[in-house]
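Per TrEMBL, the features are:
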type     : residues : note
DOMAIN   : 42-293   : domain 'G-protein coupled receptors family 1 profile'
TRANSMEM : 24-50    : transmembrane segment
TRANSMEM : 62-90    : transmembrane segment
TRANSMEM : 102-121  : transmembrane segment
TRANSMEM : 142-164  : transmembrane segment
TRANSMEM : 197-222  : transmembrane segment
TRANSMEM : 243-264  : transmembrane segment
TRANSMEM : 276-295  : transmembrane segment
Amino acid sequence: WEFNGSFYQPSAFLMMGIPGLEALHHWISIPFCALYLIALLGNCMILFIIKKTQSLHEPMYYFLSMLAVTDLGLVLCTLPTTLGIFWFNIRRIGFDACLTQMYFIHILSFIESSVLLAMAFDRFIAISHPLRHPSILTKTTVIKIGLAIILRGMVSLLPIPFLLKRLTYCGKTELSHSFCFHPDIMNLACTDIKVNVFYGMIILLSTVGMDFIFIVLSYILIIKTVISLATKEECLKALNTCVSHICAVLVFFIPMIGLSMIHRFGKNVPPLVNTLVAYTYLIIPPALNPIIYSIKSSHIREALLRTLRRKNG
């Protein structure tokens, strides 16, 4: 392909599986299928248990429901293209379809970040102001927070597809992943992408970056409150309610920050590392979150056991 200076937009992109391991894609699909199945069943189970258990109708579990719905959305966004490559070697994705997938992946990632912040705020209020917790986080307030989170993600990312559509592409159409990612598409352009880079960085820092900072601040305040508690048992009991949330935060933010750094600064990083970090970011959190909350939350665990006993009975 030769670029002659005129505007060019490809009709489709070619997605990439795991570089260097194309011959093993059918075998590699087995752990991916297992992770997708765990994510789908686990998050549906969380939603079912919270809906059916009246004692779980409180802010902490409403936010957990939002997290489960977001994780289901992320799984459903990436599952068709990922398994399409592994099973049938379907690499082609239309330009507009790619932008649509990219938009929803980024929206759901931003929503997950915001939900984790809301859960940190819930833990702070529950530990620091336990008597005021029901009056501060009412059902109406939780609904408003949920709507604000969705609106924030949709509006902040709305310009991204249009910023990509205005670019001229040079003929190179091979993406780095089995899904569409903004920096990945942007780097295929042969015109100035400074606006895309600047806008992407500003949005990332002002949303996910700020969420992470406020989560850290919430836990600093939580730790200060816990330290002031009278007994060691009270301290451990208060911190134990935060363990599952801390695990969910680490599982989400560490690979996300790693992938962002690789795309922006890791020009010499091996493609295999880039691919593995991307899959860790988009597949591992939806699969692990239900397991983390089922193990660490006694209320979820007990409700699950009651449900299983009723079915067996």
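Including glycine, each Cβ sits where the backbone N, Cα and C put it.
It should be emphasised that the depicted structure is a prediction, and the values quoted were computed from it without experimental measurement.
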Among the ranges 62-90, 102-121, 197-222, 243-264, 276-295, the one whose Cβ pairs under 8 Å to the transmembrane segment (142-164) are most numerous: 102-121
Cβ contacts under 8 Å made by the transmembrane segment (197-222) with residues that lie 6+ beyond its boundaries: 109-110, 113-114, 116-117, 120-121, 123-124, 127-128, 152-153, 156-157, 159-160, 163, 182-183, 186, 238, 242, 246, 249, 253, 256, 260, 264
Folded-back contacts onto the transmembrane segment (243-264), same chain, C-beta under 8 angstroms, at least six residues removed: 67, 109, 112-113, 116, 119-120, 123, 181, 183-184, 187, 197, 201, 204, 208, 212, 215, 219, 273-274, 277-278, 280-281, 284-285, 288-289, 292-293, 295-297
